[in-house]
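A.B. asks: Structure provided below as structure tokens; questions to follow.
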């Protein structure tokens, strides 16, 4: 009698073997099936249409309502762009040919949009300003959309949807997405590079990283290291050749552009690195902050999202098969960048922009894994009350983050929008005549750029209100414009003779902030000045930190103290 052997029934092709190695790559088939019996892997992925529409709407709102958060954005980027378009604008010492710390290649990239906009709106420079911001919004939408779609395809809709919501509504992303800053450009590159990396397009991911560092912010190369190193281990030859070729082309182009504008052979990228690293750096001259600065700043801009993002490493042991190595590599620059920047004495909010999308991804992963903290790993059908509560807590925590983010965004936009609004009123007072002089005192750092100054105003002059640092000077075409080496610039942040207008009697208009202080302002003499426009401005010094930072209904107006941002016009004698 022939012996028969009992053969093991083969597994259906849609399910992985239970004996597969824990080190095998995570796939969508590793997800548990839905109660309905349909595999979650068969669910419809989060699509491009919804993602682009959601991001597009919020980025459009940012482009049209965002304030200018940093005077460096104005004087180092908007002003040089204005000069290239209209042959007028302010110049900082970094753009002096003697120092050449800023690349005109980054400015030229935005001129591709600004120049046609200036032809389309020859009489309205504010619309040119908005056009450039819309271009920045477009770059943000494209890069963030790729990241979200990549997360959906690799990890599922829940993680992608949470990330999309945070990219849209967290205050940090809302503010940074339309800021004309190299750190924002590096942020776009970080989103796009991370998305391409998760889609297994390793060479393209490293090429985008190279563009983000070479065209945007050179220091951000540190944040791109994890993706770059891992990509090289996966596809070394292709990745190395493409990344090297693109980097060399961009560096050579930057040198040629620098030569054209500075009229000498130099590399602004190399100059910047030498000034801040090899040369010892002088950034401390512009203020120093303690090691906790970025933790406070991160909470202001991301609230509980920032805290959850920081604890991402805590969930790695729970979901290591799912998140290691790809998502861990994507998120790791957040920790590297935070540590590196916290060690620097000079700190600014914009320095964290490159890792903003990663904060959203890390926090979303933590929220998605809430139930795993309470799930019985030996009971796949665990229905304990703790497990059920943890599942319901995910949308609750997400809504809390988004509500607090809206409160922060609303407070900042409405509390500090006065400079942009006040300068727009200048176009209604062209009866002052050509050759008018606009004067600005202590509010020079909130000057929104020459795009808001009409053509009939021939000069914008600073008046001395006690600031002892070096202020920007107008580009001097008689000395060579962008190629000039003005004697009044220095790299020690020392005030230069001639930066202030000696006689305020030459001022036709005056911009000032009137606060509740025991000393009078220059425009308080109403026999000399008439107020032609005024806008409330949140007094940070006299307002409680909680209420000035976050909008709380009914209490925001009651608890906060407001000054008046004013545009004054000299009364003819």
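Counting begins at 1 with the first residue displayed.
Cβ coordinates come from backbone N, Cα and C, glycine included.
Bear in mind that TrEMBL entries carry predicted annotations, made automatically and left uncurated.
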A.B. asks: So which range, 326-343, 380-397, 398-415, gets flagged transmembrane segment in TrEMBL?
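C.D. replies: Going through 326-343, 380-397, 398-415 one by one, TrEMBL gives transmembrane segment for 326-343.
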A.B. asks: Which listed stretch (104-122, 159-182, 202-227, 239-262, 301-319) has the most C-beta pairs under 8 A with the transmembrane segment (128-152)?
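C.D. replies: Between the candidates 104-122, 159-182, 202-227, 239-262, 301-319, the best contact partner of the transmembrane segment (128-152) is 159-182.
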A.B. asks: Go through the chain and flag residues at least 6 beyond the ends of the transmembrane segment (301-319) whose CB is under 8 A from any CB in it; none is fine as an answer.
C.D. replies: 166, 170-172, 175, 328, 331, 334-335, 349, 356, 358-363, 365-367, 369, 372-373, 397, 400-401, 404-405, 408
A.B. asks: Select the range from 104-122, 159-182, 202-227 that forms the most Cβ-Cβ pairs under 8 Å with the transmembrane segment (355-374).
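C.D. replies: It is 159-182 that shares the most Cβ pairs under 8 Å with the transmembrane segment (355-374).
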